[in-house]
Every structure is written in structure tokens, then in C-alpha cells.
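What Swiss-Prot says about this one:
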| type | residues | note |
| --- | --- | --- |
| TOPO_DOM | 1-219 | topological domain 'Cytoplasmic' |
| REGION | 28-131 | region 'Disordered' |
| COMPBIAS | 51-63 | compositional bias 'Polar residues' |
| COMPBIAS | 80-90 | compositional bias 'Low complexity' |
| COMPBIAS | 98-115 | compositional bias 'Low complexity' |
| TRANSMEM | 220-240 | transmembrane segment |
| TRANSMEM | 244-264 | transmembrane segment |
| TRANSMEM | 276-296 | transmembrane segment |
| TRANSMEM | 304-324 | transmembrane segment |
| TRANSMEM | 325-345 | transmembrane segment |
| TRANSMEM | 353-373 | transmembrane segment |
| TOPO_DOM | 374-962 | topological domain 'Cytoplasmic' |
| DOMAIN | 438-661 | domain 'Guanylate cyclase 1' |
| BINDING | Asp443, Ile444, Asp488 | Mg(2+) 2 binding site |
| REGION | 502-590 | region 'Disordered' |
| COMPBIAS | 505-526 | compositional bias 'Low complexity' |
| COMPBIAS | 535-581 | compositional bias 'Low complexity' |
| REGION | 751-799 | region 'Disordered' |
| COMPBIAS | 752-795 | compositional bias 'Low complexity' |
| COMPBIAS | 828-846 | compositional bias 'Polar residues' |
| REGION | 828-876 | region 'Disordered' |
| COMPBIAS | 847-871 | compositional bias 'Low complexity' |
| TRANSMEM | 963-979 | transmembrane segment |
| TRANSMEM | 992-1012 | transmembrane segment |
| TRANSMEM | 1018-1038 | transmembrane segment |
| TRANSMEM | 1071-1091 | transmembrane segment |
| TRANSMEM | 1105-1125 | transmembrane segment |
| DOMAIN | 1189-1311 | domain 'Guanylate cyclase 2' |
| TRANSMEM | 1378-1398 | transmembrane segment |
| TOPO_DOM | 1399-1407 | topological domain 'Cytoplasmic' |
Amino acid sequence: MASSSPMFNDHAIARSKYALNSVLQQTNELHDGNGGGGYTPSSPHLGGVSLNKSQNQPYTQYNNGGGGGGGGGGHINPMHLNLNSITNNHNNHHNHHPNTLSTPHNNNHNNNNHSTSHHPHSNSVANGGHLSQSITQQRGGLADLANAVINRKNRSDSVQTKMKPTDSASNIESWAKVEKFSSSIFDSEKSKKSNIFQKYTLRLKNSYEKGYLHQHYNSQIMLLRITNLIGIVAVSYGFTKEAIFMLIAIRILCFNLFAFSIFLSFLRNRELYKKLFHPLFLFSFTTFFITILLEYKTTTTTLILFLYVVIFCCLYALGCLLFIWMVMCNLMNAICFIIFIFLESTLDRNNLISFVIYILTMFLVGASHLYVLEKFRKESFIAEKKLIKESNILKNEKEKSSKLLNNILPDFIIENIVYDFEKRDIVIPEPEEYKSCSILCFDIVQFTNMSAKLDSPSRLVDLLTQVFREFDTVVLRNGCQKIKTDGDAYICACGLKSKKKAKKQMPNSKSTPLLQSTSSTSVNNIDLDKDNKDNNNNNNNNKNSNNNFKNKNNIINNNNNSNSNNNNNNNSNNNNINNSGNDDDDEEIEDSELEHFEKLIDVAIEIMNLDVLKETGNTEGIQVQFRCGIAAGSVYGGVIGSQKYQFDIWGDTIARSHTLEQLGQPGKVHVGETIMTHKNWLKKWQYNYNIVSNSECKDQEHDYEFHKAHGECITSYFVDWKDDYREKKKKDLSCDFSINKVLNAETIESKSNNNNYNNNNYNNNNYNNNYNNNNLNNNSNNNNNEYGSSSSSSSVLGEAVTEQIDCNNTNPPLQHKKSQSILTNNENDIVSPSLTSNSPILDTTVNNNNNNNNTNNNNKNQNNIYGNNNNNEEDFKIKSKSNSSFEIEMSNIKKPKSRFIDRVMGILHHVKISNDKIDKEIIQIDEDFVKVTKLRKYFLFFENLTTEKFFHKYVIINNVVETKFFLVIGLILHLMFYLDDHIMDSAPYFNSNVIYLVMGIAFLVYIGLSFTRIFRTPLVYQIAFFILLCAFGVCTVLELIRFQNPLARSSLTRVCATLFYLNVFHSLNFLSVLFLNLFIFSFFIICSILISPTLTNHLYETDYIGFVIVLLIQICSSYGMKLAMRKAWVVNCKINFKTISVNKEKDKFNFLLKSIFPQSALTKLRDMIDTPNIETKGIVYVQPHQDVSIMFIQIAGFQEYDEPKDLIKKLNDIFSFFDGLLNQKYGGTVEKIKTIGNTYMAVSGLDGSPSFLEKMSDFALDVKAYTNSVAISRVVRIGISHGPLVAGCIGISRAKFDVWGDTANTASRMQSNAQDNEIMVTHSVYERLNKLFYFDDEKEILVKGKGKMVTHVLKGKKDLEQTNKWFTKPPEVWEVNATPAGIASPLSGTLLGEIGSFTTPRFHLSS
């Protein structure tokens, strides 16, 4: 390749008629043996084939011989593409195309289409292949695929407004839990017998039982204390009465037990009481009941019965003991009571039976109530645990998606991506134009020779991994953005600023933003532009103030700043705190391109000097040389296609950058004249950079082909650091890494500790801090050095000002291990006495000649040193036992730590910021859920009536068995009341037999109806059971109204049991239960006063007190139980809601993986996303394959004056069709790798399919047939090869699936040598497929880097049993009659401007 390095004039290009269509810059250009492009710039190309109006190529042999790199992209060197590059010979194209569309657009060409000329050679089978020969049968499939593509082409038309939500909190039906639990929460891993025991004793699995006991204890601790305190009061009251010695001894024992329980509950270490409170409670209340029996054995036994019922009604209702312990307590007291009445009382047999009935009734109703209550409690506990687990899973899935997307696509693309849950598809925003940016392109020199030195593709990939990882670090550190790597090519940019705003989810939308943009500190070029702007503002601000630290990117800019006012720092510092910059807006816009360019120059020079490029710097021991080119201007950027998403850029700027790279020299930074002649260039950069004109440009001044491609030729330049500036930059970098090496370890440790402390929340204040950072409204104008140092600079006036931190004089203690202790928050750490304000690294003052200014500015600079970055800085402020000035100075160390680590290690993968964003998203989900499930706590009613409806459905369905059981209990209770009346021969006031009969029938009817679905309706259930319980209470009161009322206390006991029974129906609304309790209580009082006035004569004050206590406790217990039930349901629904969200997040994640990576790599990549070192090493996945096939498809034939945006849209439609064809017909075997400009790359055989090569050939024929039948204004050139290669992903950012190896290089060369509508294959492919496909005779071509190669042209498939059996050889002539077949071409409107229709091809064999 010629060594001359011409540069084209930007203004000349703008005037050139070829400028519009230069947006598709990336072509399939090959490297020559010296690493140069395989095509001379004198002949513009699209996809490696010259498409000038004149098909005469003076460098044809040179073009065909392009040697090249070995990689999935190294073999494809993205190159420039001007108008000529995408324009075919207009007449030639239409005169030789075998098929035409009968559309108004083509009428001028199709009026005489019956007489269309046809050429018998390569174009004679332009529609060749099995698909073309059977186009009549297969065109429907193509049309279907095209329809699928056309439905997706309008990517900017979000589907949000077309659908209702399926996963939002407002759609209650989607998450409201009404079904029963799928499995019992009491199952264990033990035997079935053990499961039965655990099920009926409500014992959880061992892993949960301990946790529930802990929660139960903490929730009941106050109630236990109050209960024990009441026991102490009751026992103390007994001491006021005379008693026998045994009673006094038991009371003393009971008093001590209650007191000991209270004492244990107030100990700091409550573990002992947590273990003992159940047996202590059981024993203490049993002894207390024994004291009651002994005290009242000489009184009426009915009082003891009443007290027994009151005590256990309260204990069962409160549920302060676990079910099994409460049952044991009741059994022990019941046994003691029964023994007492049989041994000590003088009751007759009927009374004894009556007492036993009441005792059993209390036990039966109480135990069943507590069983259901505890079951709900434990289900709620398990639900809360499951909710935490689901929340963590949801967060992890979101983190995976976030890491994956942010590693592949820029934030301003991610925030506009929408996931359509209904169609299970992703809506990608259309590419947009970025008006002002700079592009830097790298390419390895002599990559073919370098690859030959490595004995395996794996070693090549290892080398590229090491090199590009260092590239990524440099690019990120300088605030730029990596675009992509294509094999040995590396492309980055600065200044990509999206004008699109993130799409927000519509209220009625099934589509949701895939991942919202992270916080404003994330590394995307929106923020980087802000930094650029701030850096530019800083240039002017520094005229009046000396900052402690300068931004690294301002080192160059500050050289020419006037420091004449340096001595006025005392006033100017304060004046500039609230300034937003004094630069004129026009000047900022004008200079923004310079800021981008400056950063990329620093990046390029720094990369050229990396140690990894030296023989001793990489593990392979190979010197790696790069060429690079930098250009500034506008580009189009975005994502095209429907699979294997990748961000790419197109346009004249990238084309010029590639051309500069091609025409450059190894190890030198090559730029054009336009940016160098900018009015501020020399003023800003001449003192720091060596600028050398490329004198060899004159060789190209009279090259017609070059001018035709690129416009006028003007001088280009090589840029490098000056020696003194280079040394200072080295100091800066060494200081950066020496500091950040320590800080990085501390950051990781602090983040790890913080994550271990709380997996769900990220504490932004990891360190306690006494430093009061004033809230200054400093809009980053005083932009400080993000690396903790700056370089001295010379002003135009020759006045030297030193504003640096000398890394060479860094105090040794900072480099010693002990010095790391000052960066931690450990109180035992020792602070080195040498680390004081005199330490150069800790010095925050400006070392100018005015010492007074240093003193005056010190405190002010301490306040404004971080500008408006207060939030980030709080993370790393240090707590110290020393004086406050030391604390402030120590806080200044954190600047390089936070800026560097957050940018390089944190922001890119959003380690902390993304997690905070995900936390906010989850919190937002919770907040939305809370709004829908908002509860009126005083009335226990959901504000949302739909939510209330689903809650009652849930409770009813989950309590079907309990409802039946409690109806049976009610019937038994009613029978016991009847037996009691019958045994006691009571004389009721009303005819009780009729009342008992009616209620008995009612219970039987309800029991029968409970086996139907009639009670499943919430309203029916509420009304029916309200009527039943109201009738039961009224009947019970009427039944116990007797003449003379000899059993007044037993009647009161029966009313207490009735009130208790009203509360066991958990499905009944609280307001209904409250009304029933108050109604029955009032009705009993009214009846006892009005109907049976003598009843009150048999009751005492203690009876009334006990009765009221039972009523209040029942109401409170019912409120608490139903509130807990509602909370438990909300938790279960939240689990259901988050489970749905998790599943959808998994769907999105899996869809993303499938849309970006081949199926064969998904499993390993899923695991890799979770690895800790992905934050520092990125995605590193490499897999060698011994035999796979590679294909390159180049699209050409675009119109001469198409707008760039239209060209990209047309390519998007074509590539989306290819994606759909692969997905529908060849999914799993043939995989898309990527698109490079107008070239589509695919691989076959990664899944190990034995027919991979045949399927690849079928796909090539399908693509060719599609292009010639649907997109007839296009031509394709296809190349196929097969052999070994390495596939995988490498890089810290923008890591995409790619392949490397000579097989890919060979396929690229096949494509570059193919003619229009040809499928060129290697001889090895021919040998494998000659029995299945038709091929042309072999042809020997000269390929640079490979020598002479035997190739073949694939024509069609022999096996046509499904189509035309009469074919015995490939057809030589196609005749197509323009008879409309009525099959619409969905893509024709996009590709040709209007809707067209297929013509019916009729094939005739020529003699």
C-alpha cells in the first residue's frame, strides 16, 4: 500500500455530490500483507466491491488481493463508504435484473418487461438456487417473513399505547392471590408419619421453626409481660385473704414464677427466656388455676367454671402461646378442674356432666380457633420470607439484565428500549444523528503475519483480550466511549449525545422500558459531554482561581489560560463558587468539537504507549503495532436488525477516520487539517503537542480516483506529546495508579462489607464523617483533577505556574502496607505521623509564589474542592481521631478514588449506581403496590373495592375446610347447650325445643351448602353467615332465659362461649363481627333486664367485669387476627406480583441473551454474568471450534441520492428480514454474528449440527432469492468458507459475540471477490457439497496473504423433490413474464417507495 497519507477537505466533501451517501462507511475491506487495507482509496467500495459509475477498476487485481486480518472483524476492516460506494450502475442494474416489480416506481423500466434482455452467464441464474427455482411455492414463506419484518420496522412507534398492563400493580387480577397453597408449609424432609404430626401440631420445617419462634417471641413479649403482671396482681390479691398453708405455699410459688418470667423478659440477653417462656407460662398458670380451685372450693362451683371460661377465652383469643403449648395448658387445667369437681365438689351427676360439657366445649372451640390463627401466622411468616427471597431474585435478575445491557449498549439506547410482553419482543429505537462528535479508529498492522506467529486461534484471542482490555481502561479513564471491536479493529468515540428522552411506561401498557437509564453519573456520553462542557468552563474559571486539583483533561487546556489574576484568589474563589461558567455559549458550542478531539488524542497517544503492545508487556511475547485515525463531525448511531443487537455508527466522520487510519503510520496519531486549522487549536495545544505535517500528501494531489472518492486532498498531520509534556503525563498516570491501587482495594472491601451487611440496601454513608461539606451550588465549573494530580503548564506570557502534586515525592508511608489503615474505618488502625498536611499527596493548597494566597485559599478550597459531587464523596470520607484539618485533608484523597474507580470499575457496569437504581425501581414497585392495597385500618377495609373483592375470595377459598369444620363445631356447641338444658331440667321462658330444632336444621343446611360453590361468592358468604351467627346468638340468649334463673353463671358462661364462637369465622368481615359481638352482648343485657329480671340477682360485680373483659378481648383479638390475615394476603399477593415480575425479568434476560449471543454460548454466559471479576475483566468467554462455516453477505445497489437515514432504514429492513429468516428456518444451526456497515455476517455449526454447511448454503440461496425477488433494486455478494475458528466475547465494555481465525478471513475474501449476485465458496466447501448443490467450474484467483486460491460459485441445489423434479441440471436462462401474481411485497414499500407485487416466474431451459 502506498505510504502517502492524504487527508480530504471536510468542506470539499460537504460540497461533493458523494457526501450524502457516505453514511454507510463500514465496508468489507481487507488488509494487505503490511496490515493495510486491501483496497486503494482511489476506488471507493461498499463491502469490498467497487461501485463507481464506471466499472473499470484500474486496481482490480490489487482489490482482489486484499490480504487480511484474522478475526470476526479483523478480516472485516470497517472502512469509508461514499456515494459511489453504494451506487450501482443504474442502467446496468435494471437492464440485467431478471425480475422486476410491477410498481409505479418502476413503470418506466417495466413497460416492456416482456422484452427484457437477459444474459446467460452469472446473471442467467440471478434467481438461482433451490429457493429461486421454487419461488412459486416458496414466495409465500418469504412474504410471511417480510410481513413479520415490516411489523417491526417502525421501531420508534412504541407499542405502549396499544395495550393494557399485565404486570402493573393497578391490574389487580394479574397478581391477586385467590388459589390455595400448592403445598403445605408444614412439610418436612422426614417420613410421612412425621409430616402428619407436623401438619396437625403446626410445626414448620426445622429451617423455619426457629425463625418463627424468634418472631413470635418478639411480637408477643409485651403481651407476655402484661399477662404475667396480671397474674402477679391476682396472686397478690389472694394474699389478703385467709388461707390454708398449702394454698399460701402454692401462691408463693406462683408469684415467684410470674416474677421470674418478668425478670427474664427484661434481661439484655433474652435467649434464656425465649427458650423457657412456654414452659414457664404453662406451669405458672396451672399453679394459678390450682390456687383458684383451692380458694373457691367452699363457694359455688359455677364461679370457678365462669373464671375458667373467661381465662381461656382470653388466652385463646390473644394467642400469646403457640398452639401445641396452649393445648397442653388447657388440657392440664381442664384435668385439674375435672379432678376437683369430682373429688371436692358436692355437685350431683347432672351438674358434673354439665360442667364437663362446658369444659370440653371451651377446649374444642378454643383449640380450633387458635389452630386457624396460628396457621395464618405461620403462613404469613413463610410468605414474608418468600417475599424477601423473591425480592432478591428480582433484584438479581434486574442486575443481570443491567450488567448485560450496559456491557453491550450505551445508556441512551437502553433507556429507550421497550420490552413487549405480549409479543415477547424488544422494540429498539431508531438510529439517530449525533451532530458533533469525534471518532478514533485503531487497526493492527501486519495482523496476518502476527496471526501466523501464533500456532492457534486461542492464543490470538488471548492476545487480543489483553490488548483490548487495556484499551478499554484508557478509553474509560479519559471519559470516552468504546463503540466496538471488529477482530483487530478497535473503534471509540467521544461526544455522542442523544437528544431522545427515555420512554416512560404508559398507564395502560403491556410494554415496559427494558432498563431505565442509570443515574446521571453513569458513563455515557450524555454525561461525558457535560464533563467536556465543564472542562471548557474550567479553562475560563481558572483565570481567576487556582484549584487544588485540575481535571486531567484540562491539563492541556490550561496552558494558555491567563494567570494574571492569580494573586486575587482570596476574592475570586468565593466569587466563582456559584458561577456556572463565563464562557460564551457560542464559543462553547464551537469549541466542543475540540474538547472531544483533545480527549481522543490523549487516548490515542496513551494507547500507543501501552506496555501491553510491547513484546515484554503481553503473555504472547509479540510486539503489536497499531495505526489510528481521528476525525470529528456528525455520525448516525444506533442498533439495526432484530437479533444480535449491537451499537454501531455510520457516516462520513467514521469514513474519514478509517481512511486516516489506513493512510497513517504505525504508532502515530493521524488527524486531518480541518480540526488543526480551528481558530483555538494552536492557542490551546501548540505548547504540549508536536504537530508534524504529512508531506507525502502531494503524491495524491492529482489522483482522479482519490478525488472522486474523497474530494479535494489537503494536508494531514501526525500528533504526539512533546517530551516534557510526555514526562508529566507519565507522572500523572503513575500517580493515578499508585493511589488508586490502594484505594481500589479499600473500595472493594468496603463495598463487600456493605453488601454483606445488607443485601437489599446500599448505604451511601459507609464511613462516619465529621467533615462538614458545604452545599455549594458549583456547577462543576471548578472541575477538579479526577486523579489527584495535575501537571505544570506554561502560559503564553511565559509565566510559569506550578499547580501539581509531585508523585515522585510521595511519602513512603503511603506506599507502605500500614498506610492502608488510614483509608479504612478501623478504630485500631494506626495513622502514620508523616501523613499530615505537609504530605504532597495530601496537600490541598496551590504552590504558587504567593504564600499568603496559599494560606488564605486553603480553607476555601477545602470547601469547594468537590463542587457538586457531594453525594459521591460522602461514600469515602474518613473518620479520624486526629484534628479536623487532617480529616479534611484525608477526605481529599477520596477524589481520585471515587472518580477513577466509579468511572472505570463502577459506573460502566453500574456496580453501585445501577444497584441503587434497581433498588429505586423495586421501591417504586412496592409503592405502586401499596397504593392499590391501601387499607383503612380502623375499619379493616381495602380502599380499592376490587382489592377487597379478591381478598374475600382468597380467604373464602383458603378456608373452605375451616368453614365446614366450624359449622360442625357450631352444631356440636348447639347440641351441648341442648344436652345441658336437658340434663339440668331447666324451665326455659320460651319453648326452647323449637328454638334448638330450628337452629339445628339451619346448621345442617349450611353444612350441606358448604359443599357447594354457593358460598364462594364473597357477598353471598358475608350475608349468609352474618344471618346465621346473628340467629345463633339470639337463639342462645333466648334459650338460657329461664324461670327463677338458678343457673345464672352457667348462662353467662354460655354467652361467653357464644361470643367466642362468633370470632372463629375468619372469612367474615370485621365490621360484621364487631356488630355481632355488641349486638349479642346488648341483647343479653336487655333480655336479662326486661324478660328475666331475676337473672341479674344471681350475678355479681366480678361476673360483669369478666363478661366485659371477654367481650373486649374478643373484639381486640378479632381485629388483630383479621388485620394479620389481610397483611398476610397482601404479602402473598406481593410475592405473586414479584414472582410475575421475576418471571418477566427472566424472560427479558433470556430474550436479550438469545438476541445478542448464540444459543450455544448462553449457558456459560448466564453463569459468567454472576462472576465477581466481571466488574474488572468484563465478559471473557472463548470457545474453540474445529469445523464451522462462516458467511459474509454484502448488500449493494442503493440509489445515488438516498438520504443517510433512509439508507440505514433500508438496511435495517433487509437485515431484519435475514434475522427473521434465520430465526424461523435455520434457528440453532445458522447464527447471526454481527453486521458491519452493509455487510451481514453469519456462522453455522456452533451447535455441532452435522448438516451445518448444507444449511449455510441453503441460507445463502434463500438470501439471494429474496434479494432478487423482493428487494430487486439490491444486489448481494456472498462468500462462504469453513474450517476451525475461535468464538466468544472479550472486553470490559461493548463485548459482543465474535469469531476469530483464518476461516473468517477466507470467507471475507470470498465475499470481496464475488461478483453481483454471486455466492463464492472455497474449494473445501465445494468438495463437501458438490453432491448436493450445483457449482460453476473452478476458478483460480489471487488473494493477497493467501496466494492463489481455487474457488467455485454456488448456483443451486440438486435435491428438488419438493419443488421441480424435472430439473436435471441448473437452468441457464430465466424467462420471467410480468404477470402479477397478487402477492404483496411488504418490504417493497420500504425499499422502493411504494407497495409492489411479485411476478410469477416461469422457468425455461435453454438449449
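Glycine is treated like the rest: Cβ placed from N, Cα and C.
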Quiz prompt | Sequence-remote partners of the transmembrane segment (963-979) [C-beta within less than 8 Å, at least six residues beyond its ends] | solution = 353, 357-358, 360-361, 364-365, 368, 956, 992, 996, 999-1000, 1003-1004, 1006-1007, 1010-1011, 1015, 1032, 1036, 1039, 1054, 1057, 1061, 1064-1065, 1067
Quiz prompt | Largest tally of Cβ atoms lying within 10 Å of a Cβ, found at which of the binding-site residues Asp443, Ile444, Asp488 | solution = Asp488
Quiz item: By a Cβ-Cβ criterion of under 8 Å, what residues six or more beyond either terminus of the transmembrane segment (244-264) are in contact with it?
Solution: 224-225, 228-229, 231-232, 235-236, 238, 270, 272-273, 276-277, 280-281, 283-284, 287-288, 290-291, 294-295
Exercise. Work out the three-state DSSP category of Ile444 (Mg(2+) 2 binding site).
Key: strand
Self-check item: Chain residues outside the transmembrane segment (325-345) and at least six past its termini with a C-beta under 8 angstroms from it
Solution: 278, 281-282, 285-286, 289-290, 293, 297, 301, 304-305, 308, 312, 315-316, 319, 352, 355-356, 359-360, 362-363, 366-367, 370
Self-check item: Number of helical, extended and coil residues in the domain 'Guanylate cyclase 2' (1189-1311), per DSSP
Solution: 50 helix, 40 strand, 33 coil
Quiz item: For the transmembrane segment (1105-1125), which recorded stretch in the set 220-240, 304-324, 353-373, 1018-1038, 1071-1091 gives the largest number of Cβ pairs separated by under 8 Å?
Solution: 304-324
Quiz item: So which residues does the transmembrane segment (304-324) touch in its own chain, when a touch means Cβ under 8 Å and the partner is 6 or more beyond its ends?
Solution: 201-203, 213, 216, 220, 223-224, 227, 278, 281-282, 285, 289, 292-293, 296, 330, 333, 337, 340, 355, 358-359, 362-363, 365-367, 369-371, 373-374, 377, 1049-1050, 1052-1053, 1056-1057, 1059-1060, 1063, 1103, 1106-1107, 1109-1110, 1113-1114, 1116-1118, 1121
Practice problem: Averaged across the domain 'Guanylate cyclase 1' (438-661), what pLDDT does the model get? Just tell me the whole number, please. | Solution: 65
